[in-house]
């Protein structure tokens, strides 16, 4: 009884077979079929390789939301070289919310040479070239995000020539922590001194002819310092043509959470608008000579996440490629073979001959049958 049930079950399963096997003796091969098969297999191989390269690649997904974090501090990373002696200039941040000077203890003043060495100049040209390409090809920013922490350092390389030359500039570098509100980071003549109504700079002790706010921004970023990330002002160099010259940078900072397969960091992107003018009170151009970076924070936060195609999606796409090519090439081969048979095979010379009367021994004739080779019925 069990054997009978097993046979019935096996017979039922065989009837449900959606892939019946055709014996080889009933299969007819042809040169056209072999050619189409070679084309199909080649196409499948090429598309499979291309699909695998897509599977290996990653892309950046951007999501936007309102920034709800107002209690934390904003970090400003600075590395600027000014073409003046260190005891002539002072740098600080004016917080517009509290109208007070933020602590500048994190900044270091280091005597330096303003002119770059040949190796440093080559580094600067390369950085400026990357900046120009980023202006044209915005998708390169995704490549920079994915290569963070594994690419070469973007810091200015040390000098390789004689370092015994007398320093003629001041390198101001370090970081500051400020409130997450609009502010003004500036470098001007004289050291900053706080007082109840704000702050002031001791500029009276500096000779006016010593003013030279030519500067080079080797690095300026907001948030966590992420090696390998190139910021909009990195590599910028400005040469002052007058002692009373003001350089202004209007910066909009966008909080950014970066999540890749290499790092996870809270950083900030920013856009900048530059302006420079000569201070001339007689002509109505008022102001203070110096370098002013006025920044404001966006209310939106951007989350940048590196994503990868899941394996199940890759498998489904691969099956679609293989099955689609098999079905399409088989259908095209069948249509082509059918057309060729209609045009050529139905009208081959010698396959059929005109119908003629065929006499038989009993005296009747047959006018409907073709005449075969031996004139036999």
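Residue numbers in this text run from 1 along the chain shown.
In case you wondered, yes, glycine gets a Cβ from its N, Cα and C as well.
As annotated in Swiss-Prot, transmembrane segment covers the listed stretch 320-340 rather than the other ranges in 299-319, 320-340.
Transmembrane segment is the annotation Swiss-Prot gives to one range among 13-33, 34-54, and that range is 34-54. Tertiary neighbourhood of the transmembrane segment (320-340): same-chain residues 32-33, 36-37, 39-40, 43-44, 47-48, 51, selected by CB-CB distance under 8 Å and a gap of 6+ residues from either end.
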